[in-house]
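Peer 1: I have a structure here, written as structure tokens, and I will follow up with some questions on it.
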């Protein structure tokens with residue numbers, strides 16, 4: 001039977017007599033629920049992971065995976081650009097009519113996971129890469145003794161997948177391993193060694209999961225932002241460094257204050273919305289923000305510009321369609337980060353204007369933006385209704401319970417040069433319940449305008 005060797009507390013690998021070699025991934029919680037260091041294990045120490053099939057109480061087949069980069073305690077991790085390395089050993093106490101030894105690397109979306117066993121989790125295979133390690137050159141020749149074959153498999157950065165709705169296949173970058181409890185979607189990688197025999201003789205298969213991390217960088221920092229990080233000075237705002245910021249469409253908010261107080265304000269600058277780009281941020285870093293609020297009502301401005309009243313978060317949306325039975329709705333899972341941290345900017349304040357700076361701390365272990373077939377992980381920066389009990393917003397101003405949604409990319413590596421610097425201590429703990437639509441109410445008009453800048457230059 002198959003057993004896990006002592007190099008790490010590994011779950012038993014899958015061992016079959018030519019049956020389906022796919023086995024359930026362990027919960028890779030530490031990949032995206034870890035300490036600020038990527039993993040709790042040294043990142044540049046060589047570590048070997050052994051997987052064994054025993055016969056008669058003795059090892060028969062041993063597959064060893066070798067990592068020299070980051071790794072979990074019990075699971076090897078391979079980073080884009082680094083080969084899947086290891087060795088295969090056969091310990092044959094007597095002659096064995098083996099015809100070939102082969103390795104196969106696979107990647108699936110879907111598949112078994114804790115607490116979910118229906119056919120909705122049927123896996124879909126998007127990578128199947130086989131390498132022959134040894135093949136019999138002369139017939140009727142049996143192997144006997146000790147054999148060791150090292151291997152190094154280069155995984156492709158991208159795969160092409162046929163698209164029924166288009167004549168040309170689509171290209172997808174290999175995504176990061178993904179498995180989260182209570183989410184009915186997975187991305188899993190597996191390596192299989194097959195010891196084949198001809199005729200009616202049983203073949204042996206030994207498989208084990210491994211984790212994969214793509215290396216995706218954002219574009220270089222804008223010049224003035226880079227200079228500020230290099231010199232340790234405060235980053236410049238949108239007025240001084242317009243190339244370093246992105247201004248989504250200004251939001252006009254209408255509602256009532258204290259049920260009877262109504263005013264109207266106008267957007268002070270509608271010309272700054274001519275940039276269309278996808279913003280990219282490295283996990284473990286920060287999204288700098290600037291918010292300007294303008295209104296004729298100074299009381300309203302004071303209420304809305306309280307840092308505790310502003311709710312801006314990142315929203316993660318996971319979508320998975322592939323393998324769902326006919327008529328069953330596809331998976332859509334949505335969750336949010338903690339609130340952005342805000343502080344008032346003393347300059348540029350007037351009776352009609354308030355300016356705040358803020359930042360969203362990105363966890364170092366969040367899953368990056370990715371897609372594979374009908375599986376996708378996407379992110380938005382979302383501005384929710386202001387948390388001001390005396391201010392009731394018109395329901396017509398909201399979309400999906402939010403005032404503004406801006407798509408962003410979350411990537412895994414930093415751009416060359418200085419790393420983004422946080423202005424406040426990193427805190428990834430959810431700090432309150434999610435804002436909802438409970439404060440919505442159709443009422444007399446009260447309009448406040450806010451301009452919401454995101455750190456830009458990352459397209």
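A Cβ is built for glycine as well, from the same backbone N, Cα and C atoms used for every other residue.
What you see is a predicted model, and the numbers here were worked out from it, not measured in a lab.
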Peer 1: Tell me which range among 389-414, 415-440 TrEMBL lists as region 'Disordered'.
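Peer 2: Based on what TrEMBL states, region 'Disordered' spans 415-440.
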Peer 1: TrEMBL tags one of 1-32, 33-64 as region 'Disordered' - which one?
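Peer 2: Going through 1-32, 33-64 one by one, TrEMBL gives region 'Disordered' for 1-32.
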Peer 1: Over the domain 'Arrestin-like N-terminal' (76-202), what is the model's mean pLDDT?
Peer 2: 86
